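For 636, the entry in Swiss-Prot reads active site, proton acceptor. Residues annotated as ATP binding site in Swiss-Prot: 521, 522, 523, 524, 525, 526, 527, 528, 529, 544. Annotation source Swiss-Prot lists compositional bias 'Pro residues' at 307-318. If you look up Swiss-Prot, you'll see 515-770 marked as domain 'Protein kinase', on the strength of sequence analysis. For 152, 355, 401, 408, the entry in Swiss-Prot reads phosphoserine. Annotated region 'Disordered' per Swiss-Prot: 146-256, 273-334, 347-462, in sequence order.
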């Protein structure tokens with residue numbers, strides 16, 4: 001039986017309801033097709049109207065130029081009679097002047113309303129200012145100084161200088177997570193000052209952040225401190241004590257001056273509150289060690305402060321105790337805010353008088369780089385304050401934060417003698433136990449000895465730990481080195497010019513552009529791409545020279561121009577200008593110098609990780625998603641048509657829209673072109689193509705990025721197409737061994753023979769493999785640039801808040817105790 005008879009029987013066998021449904025569906029599809037065509041025609045009409053408007057504006061501009069030229073006095077224009085053509089243009093000029101007058105009146109009304117608004121705001125500000133002027137506290141906070149304290153015994157040139165620095169109010173250092181210390185001197189405890197002036201010093205037990213409310217009455221006063229003369233157990237400024245481990249149950253004798261987490265002040269009534277960082281400072285030149293092991297890990301802000309709190313002014317040659325006796329007067333209570341910084345080389349310290357001064361620190365850059373830290377149990381000796389720059393410790397051996405130098409309150413002469421007799425090996429250093437036991441958190445300072453004392457144990461300890469540190473650096477896990485790798489996940493930069501609607505010009509490109517014929521950026525079946533520069537602006541661009549042999553070739557070029565005129569996306573190349581000649585057409589486009597993505601795949605020196613492929617694939621899907629939203633099929637997606645913005649980043653741009661087509665629902669589009677190994681089965685079978693055709697190519701590109709292999713490549717084009725038609729591919733066991741199941745699922749859902757079963761671009765962007773980038777980066781021991789920028793922004797905001805708090809507290813401490 002013939003095919004015609006079968007068809008007639010088939011139609012006759014259908015029920016009437018089915019025929020009605022098919023007819024209704026065809027009618028609706030026809031209506032939808034007509035609406036899409038109407039939209040396209042409307043868009044073309046709008047484009048034509050805009051172009052005609054531009055032409056009219058050009059004509060108007062030329063008319064104005066002619067009018068200005070006619071008003072200028074000519075050689076024979078003494079009679080002042082206007083020309084006939086000039087008189088014809090006067091009515092239009094009058095209309096334009098009237099329109100300008102109306103616009104000026106409208107703008108004047110708007111400016112008047114804006115002026116009234118500004119006047120109201122000025123009155124409100126004046127009211128607020130008057131309210132603040134009546135407030136004594138607000139006036140003090142705004143000015144930052146107290147007039148009635150001028151000339152008080154507590155003022156000094158140093159304090160005046162610090163006030164000037166405070167009035168500037170500009171932050172000079174970046175502040176990371178910092179602890180705040182407040183030192184308060186109670187008026188009721190001034191009676192104990194005599195004990196301190198006689199040479200006594202207090203020994204306070206260690207206080208953690210949880211014990212901020214410790215009673216200062218528990219302080220034990222121990223003699224042994226003279227009036228500045230170094231005692232037998234005192235350390236010199238150049239001969240600072242070495243830290244060592246301290247037993248958990250060490251006896252506390254009155255001769256010791258132990259202090260962990262508290263600052264030794266000249267007055268016994270001064271109580272230091274440490275939260276949450278620990279500040280270690282030897283008081284009055286004595287070494288200090290921890291009285292019991294601290295189970296909590298040390299904060300990054302642990303520092304060795306240079307001196308014991310604020311000192312009263314006096315002769316510079318006197319010791320601290322003598323200067324305190326010299327001032328004599330009673331000092332009102334003060335609050336000292338200590339800010340600890342770990343992000344910048346210079347540290348900012350709010351001293352007892354509220355100054356912002358740099359402190360001497362021993363920087364440990366590895367504290368801010370977790371990827372370069374060694375294991376927690378690794379023993380390490382921190383660089384001494386007097387160490388030369390060439391004597392720095394290895395980066396892998398640093399984990400604790402910098403310590404500040406400690407200074408002795410002795411006189412200048414005694415200080416010079418002590419510095420002369422000091423040994424290089426007796427500088428302060430921070431030690432941590434090598435075994436990972438409960439002594440890891442113990443921190444101590446051991447009294448340094450003179451050369452005659454013969455106690456080289458701390459120096460030998462550091463020397464013995466040197467090979468251990470080197471071995472620890474060698475045994476660092478590979479993830480520690482990878483922790484410093486930062487991946488740029490920022491979006492691709494936009495074109496250096498605004499999106500424009502380009503029309504073909506029938507002039508030579510050499511009139512406005514300088515084409516570098518010797519510099520070829522790429523090429524293909526169409527011709528070559530050269531680098532060019534716009535003469536008027538110097539803008540670097542790319543000139544795509546297409547050979548034209550027939551009218552069909554010109555239509556293809558115009559189709560490419562029309563498609564690129566509708567594209568404005570950061571992942572799609574932008575068109576800048578177009579020229580047409582007898583034998584060629586030239587498209588001037590955006591220039592990127594990162595090379596083809598295909599070069600990244602084939603380059604043996606460049607190692608693509610799975611996270612790199614995720615960043616590339618996500619941007620490809622974003623560009624394809626934009627194309628499909630505008631009913632455009634690329635139909636030639638391959639690594640050669642994807643350019644990288646730079647040599648190292650992950651930003652890409654899709655190029656070559658020569659084979660792109662506009663998709664229409666009722667139009668059965670068939671194509672028989674493209675690169676064989678990237679063709680979809682429907683293209684090989686010469687069937688209807690649609691959006692899933694591009695998604696097949698995305699799947700092939702992703703497979704190549706992950707493995708470096710082509711899934712369907714055969715020895716010949718015929719074999720390749722046979723593999724594609726049968727959809728015969730698999731995951732190579734060697735290349736896909738370490739890849740995640742999410743990546744395999746992503747590829748498997750794209751390389752499907754049935755095009756209706758493939759993922760769309762929207763579904764790809766929602767796939768689990770292309771999302772949760774921070775979690776994937778943390779698993780691969782890398783960091784994302786977006787995370788670093790976010791952390792930097794948060795740190796800046798936190799720094800500003802802390803700076804304002806410190807400034808306000810530093811001013812509030814200057815209030816007198818009684819009105």
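Cβ coordinates come from backbone N, Cα and C, glycine included.
Cβ neighbour count for residue 523 (ATP binding site): 12 (other Cβ atoms within 10 Å of its Cβ, all protein chains included).
A Cβ within 8 Å of the Cβ centre of 521, 522, 523, 524, 525, 526, 527, 528, 529, 544, the residues given for ATP, is found for these other residues of the same chain: 545, 546. For the domain 'Protein kinase' (515-770), the model's average pLDDT works out to 91. By the criterion of other Cβ atoms within 10 Å of the residue's own Cβ, the least surrounded of the binding-site residues 521, 529 is 521. With respect to residue 636 (active site, proton acceptor), the closest of these binding-site residues in Cα terms is 525, chosen from 521, 523, 525, 529. All protein chains shown were included, and the count of other CB atoms within 10 Å of the CB of residue 525 (ATP binding site) stands at 9. The C-beta environment of residue 527 (ATP binding site), restricted to residues of the same chain at least 6 apart in sequence and closer than 8 Å, consists of 544, 545, 546, 547, 584. Taking all protein chains in view, 23 other C-beta atoms sit within 10 angstroms of the C-beta of residue 636 (active site, proton acceptor). When the record's ATP-binding residues 521, 522, 523, 524, 525, 526, 527, 528, 529, 544 are compared pairwise by CA position, the greatest distance found is 14 Å.
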